[in-house]
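Q: Let me give you the structure first, and then I'll get to my questions.
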């Protein structure tokens, strides 16, 4: 390719303003056509621009640190960090946590006050404090102390709320930042290619982009091949890939069409602009960076990185089920809370009005203060019995799981952990997950002899092999390259097979970069995914009237397209059918059975006259057959050994069916499947349809058809569903497959009701990643396009990471069920104790301070205890989690009802007995004072012990596990001990805080004795009482959008966020044959192919 750009540097330049560089990417400028196009774009001299930016196409910028620092100071850093100042982002706002900006302490505080009950509670505390100023010291209300202690507890709860919310927000935000920081880009500096972090990019850098890469900054294309296409659907309504051309072609085309066209609107010019946060779909480009960081078009328009869209906060199905449970609890608790308030209010008014008191002003103040005390009490009851905090706790658990599992599996959505728990079908590629993907050329077979070194091959075939690998792989069509980072460490980027070829050439002393520079200009490239052959058309080195076509591809296809073979003496002899079969049986299958991947190399010569006289479609047909076979190349991709075998075994234990989808040959895929345990000898011998090729699979099941049915939404189906059911029954391997075959399998499995996880690394896998319940991308091998379309990224690229993700997902459900059992038992006991005290005894059993202290224990400390639980290997032996499984199952309901009923009965009987014995003149009665304060303190202490017992009992949900002794000597035991010491100090020395009498050692021992009895009752309940009487179901269906309107619950507590309207990505997952614009509106519906019955989608 000719170098039309100025070489060398202009010392002390950088005299161009960043505002001018930013204006090139202005939306209005990019979309203008014809004579209206700005002069700065139409006449932009790329040579002059690069001179003023002190860079060039082949040399790039200098590696000098001072030069790079100078560029950063003038044009900014390439950081896409959120703004600190709040702003409205319209449709980009999220329902729970706005990830588009940093949140301040004040923002968390204001979010806390969105809950009306907390706002009213704060107001009541302040009023109680104000009333205390006018009260006498002997006031029975002791309002000053009550207001101060409650306000202190309120501040403590607010601080804990901010800590939890800040952790949740920062966890999600850091996940996004981690993904952005992992993006690497290849640049040219000092004439060498280097791999750097996206954040290290500066204006003037020359970047090399290939299919699957994320565009790291606003750039202008200076070189591009014919396949260069970019997905800009994130920024524009058009979801079709956009063809990109070099700036020189852009200018030449404009001037040419301007001369030919009389009307400005007839002029159409190719697009040379690349915008940050878009993706390269195919091809390869070299581009000049003109705007970075906050100066890019994305940031100037207050848009986010695409990863912020991926992390958009919608309510997951698990959260929706919890929201329903919260709604049900509130629905039945609210009337009881109103009864408690009404009873105590009328009693308070009656008692105060019937007092013989001369000071009516003081009596009025007492009534007024007592009324606000009851309102404060009512607010706290609503906070506890309409437990929106339970929803917040579940969201925090999900966030914590995302954080703690990120070492192995980065979750890009809140729904990912729960979907990982539900996976029962796992479709994986063998490359990366089962193998190391560190491919190496081990043998070259030229049919009369096998070589391990290229020097031992005769000159004619050696030159053809080197030229084929160097030109066909190093050319812009390539997606693999070997570069170094700034620490001079060699890195393989892109296609690992192509990298293996380049590494092979380098080890044999061949400078493939020099071959490329000295080779003539390449006329056209024609990669073909469908036939798995890569073809490059280049100028012939010896005959100027000829073109040489270099080709390589899969042996099962390539050999059928060869009609001649190159002999040892350089002669082109006919390639007969018997020779093909002999090579397949004696050579290729031998390699494949040893799990080696085999590639065939060939070439052909065609005349320029013939080539240029045909259309593009005819050229594709011409150059795609009648090759001369030169050699076979065998590549080894070592498996992960015992690690892969254990991971496959763990998947089987977990009830996950592992299927391999590979583009490799059947024999090679079988060999790897046997070595890793996916396939055993029994499967191959005794089971039908255990392995099938992609084309045969598609033909057997009939392919994809699309139905619209009654609604406008379209959905893909398998044409022959009965054949598909029969085929997948024992299916373990689909070999010789393409991305379309992967999508076919995923679609069929989902339609059969399975929860499907699928791995993908290339842009072609995007369709399957979006369709699957859990799209999984490899961190090291996956393209940025695939990562953007996935739900999780495997840090170590191994199947082990998937198993750990499944384990943490199941642990999520386990933690939530345990916390739900504990929380509901607590609310059940507390509500009925308060009802009993109010309606029967005429007094409230717990005061404000005690309720807030219990709220802190239950909503924060106990939640932290459950979060400390790490998943055990026993979770793999449990059944696969299904959304139809209730959270409040029969075992949990049995525990809540029986243990909760015992605790209610125990507290009521204990209170009655204490009051009875304290009135008797007997030795036992001398232990008790005839003061209700002591009784209240003892009941409070016993209830605290009940809570601790419930915590221990809820640590396990299984009926055959006893963890009491284990929990005592664990972190749980330490926390329980610390809480017990604090509680003991409160009831012993905190009489002013709790407004009750202090208790002595006998009272403590009595409370401890009664308080530990639920441990025995709980064990009996779990192990001896059957669960069958408790099989009734409680509704856990998600809330409807308008269900709470007009409901008192809707106004009392912060409205639970409902599922937002479906995003474009969600709609695509539900209806992959329909195209939508970025606002979610229906744009294009693809028609079915009547002959084949297949729908299609370009993206």
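Glycine is treated like the rest: Cβ placed from N, Cα and C.
Just so you know, TrEMBL annotations never went through curation; they're auto-generated.
OK, TrEMBL features for this one:
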DOMAIN    183-299  domain 'P-type ATPase A'
DOMAIN    844-1023  domain 'Cation-transporting P-type ATPase C-terminal'
TRANSMEM  117-135  transmembrane segment
TRANSMEM  141-164  transmembrane segment
TRANSMEM  332-351  transmembrane segment
TRANSMEM  371-394  transmembrane segment
TRANSMEM  820-840  transmembrane segment
TRANSMEM  852-868  transmembrane segment
TRANSMEM  892-914  transmembrane segment
TRANSMEM  934-953  transmembrane segment
TRANSMEM  965-989  transmembrane segment
TRANSMEM  1001-1020  transmembrane segment
Q: Using Cβ distances below 8 Å and needing 3 or more such pairs, separated by at least 6 in sequence, tell me whether the transmembrane segment (332-351) contacts the transmembrane segment (820-840).
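A: Judged by the Cβ rule, the two regions touch, with the required three close pairs present.
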Q: For the transmembrane segment (965-989), could you work out the same-chain residues 6 or more beyond its ends whose Cβ comes under 8 Å from its Cβ atoms?
A: 853, 857, 861, 864-865, 868, 937, 940-941, 944, 948, 951-952, 955, 996, 998-999, 1004
Q: Could you pull out which residues elsewhere in the chain have a CB under 8 Å from any CB of the transmembrane segment (852-868), counting only those six or more residues past its ends?
A: 150, 153-154, 156-157, 160, 164, 380, 383-384, 389, 393, 396-397, 400, 815, 818-819, 822-823, 826, 830, 846, 943-944, 947, 951, 971-972, 975, 979, 986
Q: With DSSP, how much of the domain 'P-type ATPase A' (183-299) is helix, how much strand and how much coil, in residues?
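A: Each residue of the domain 'P-type ATPase A' (183-299) counted once, the result is 26 helix, 46 strand, 45 coil.
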Q: Six or more residues out from either end of the transmembrane segment (892-914), which same-chain residues have a Cβ under 8 Å from its Cβ atoms?
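A: The answer is 817, 820-821, 824-825, 828-829, 832-833, 836, 841, 845, 928, 934-935, 938-939, 942-943, 946, 950, 953-954, 957, 1010, 1013-1014, 1017-1018, 1021-1022, 1025, 1027, 1029-1030, 1032, 1034.
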Q: Restricting to the domain 'P-type ATPase A' (183-299), report the mean pLDDT as a whole number.
A: 81
